[in-house]
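Peer 1: What follows is a single structure, and I will ask about it in a moment.
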Amino acid sequence: MPNKTAATKKAMVRAIKLFILGVILQGGYIHGRHKLMYGVDLDQIRWLGVLQRIAIGYFLAAISEIWLVNNNSVDSPVSFVKKYFMEWIMAMMITVLYVALVFGLYVPNWEFKVKISNPTLSTPISLVEMKTIHCGVRGSLGPPCNAVGLVDRVLLGENHLYKNPVYKRTKECSINSPDYGPLPPNAPDWCLAPFDPEGLLSTLMAAVTCFVGLHFGHVLIHCKNHSQRMLFWLLASTVLTIFAFLLLLLGMPFSKPLYTVSYMLLTAGVSGFLLLLLYYIVDVIHIKKPFILFQWMGMNALIVYVLAACELFPTLIQGFYWRSPENNLVDITESLLQAIFHSKRWGTLAFVLLEIVFWCLVAGFLHMKGVYLKL
């Protein structure tokens, strides 16, 4: 769009739509599978989630693309760098801000509330107990005392964070690790604490992946032949991956909950290699039919995410059952596959793969009908 103000308004409206949709889907209003109920206490609503993170990352990248890119033509690698130099500076500034906050913020001792039941009473009631986490450190990347959680607790409030974080699957917090399960004896108190894996500070770092995506898109636009595109993508992916492992050697782990710089670089680099491989197969040597399912999914990614990944469609199907809520099509199918494979894990994996194939076919049907959901 030649009008930057209009383009900014369009980007802002789209980001707001994505954010609101994310709050509806992941804010607690929809309770997911096995719970035939809906509704959320506004005092407990979760403000952030996957779509909210995408909305923030998209908006930052879109604003940079609109306002920081000049109108110079690109006819050489030097002119390419000059055109997008300010965007790269923006991405580096976000990264520096993240690192400064993660390693510079002082994390004091903090408290959180835990609801406990008292079964000894004739009428069981829920009591609230205060738990204290002892920190008093800077630069910790562990579950209880990191700056990512501190920022969310201060700015969003404990009540609005994710109540079932991945930390609860660690050996310290689950006897069924790497799955969720009962607390082991002498489990640390932080196992019960809320933590948002799509929090504010980690979303800053996740937004940088949008800038990486912009770079790969710019190469696609300005390089007119396959060899040039693949060469620049290979170079970028290699540099990203090497820097990821260098940071790992320097002590920064690959952590998705914290979305560390090393994790961002690794996922961006590996994604670049995967793009390179698929581009070669599909666009260079023209082997397209085996990947038609990916094409269909990509054309209707949002509707598949809403209905499948957010479990909206399975929840609706489970609402129809025979005599007992457990006797529904979704649970019966999963139990049947577990019985066939004589394993809960392998049966669940088969069920998930079956779901993926099902939604690929649904996306293909929608494509044939010309139906696309987009914001």
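Including glycine, each Cβ sits where the backbone N, Cα and C put it.
Found this in TrEMBL, in case it helps:
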TRANSMEM  12-30  transmembrane segment
TRANSMEM  50-68  transmembrane segment
TRANSMEM  88-107  transmembrane segment
TRANSMEM  200-220  transmembrane segment
TRANSMEM  232-254  transmembrane segment
TRANSMEM  260-282  transmembrane segment
TRANSMEM  302-321  transmembrane segment
TRANSMEM  346-366  transmembrane segment
Peer 1: Does the transmembrane segment (50-68) come near the transmembrane segment (232-254), with 3+ Cβ pairs under 8 Å (pairs 6 or more apart)?
Peer 2: no
Peer 1: Select the range from 12-30, 232-254, 260-282, 302-321 that forms the most Cβ-Cβ pairs under 8 Å with the transmembrane segment (88-107).
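Peer 2: Per the Cβ under 8 Å count, 260-282.
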Peer 1: Against which stretches of its own chain does the transmembrane segment (302-321) lie, if we need a Cβ under 8 Å and a gap of at least six residues from its ends?
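Peer 2: Hits for the transmembrane segment (302-321): 21, 25-26, 30-36, 50-51, 327-331, 355, 359, 362-363, 366, 373-375.
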Peer 1: Could you pull out which residues elsewhere in the chain have a CB under 8 Å from any CB of the transmembrane segment (200-220), counting only those six or more residues past its ends?
Peer 2: 48, 52-53, 56-58, 60-61, 64-65, 80, 84, 87-88, 90-91, 94-95, 97-98, 101-102, 147-148, 151-152, 155-156, 229, 232-233, 236, 240, 257-261, 264, 267-268, 272, 275
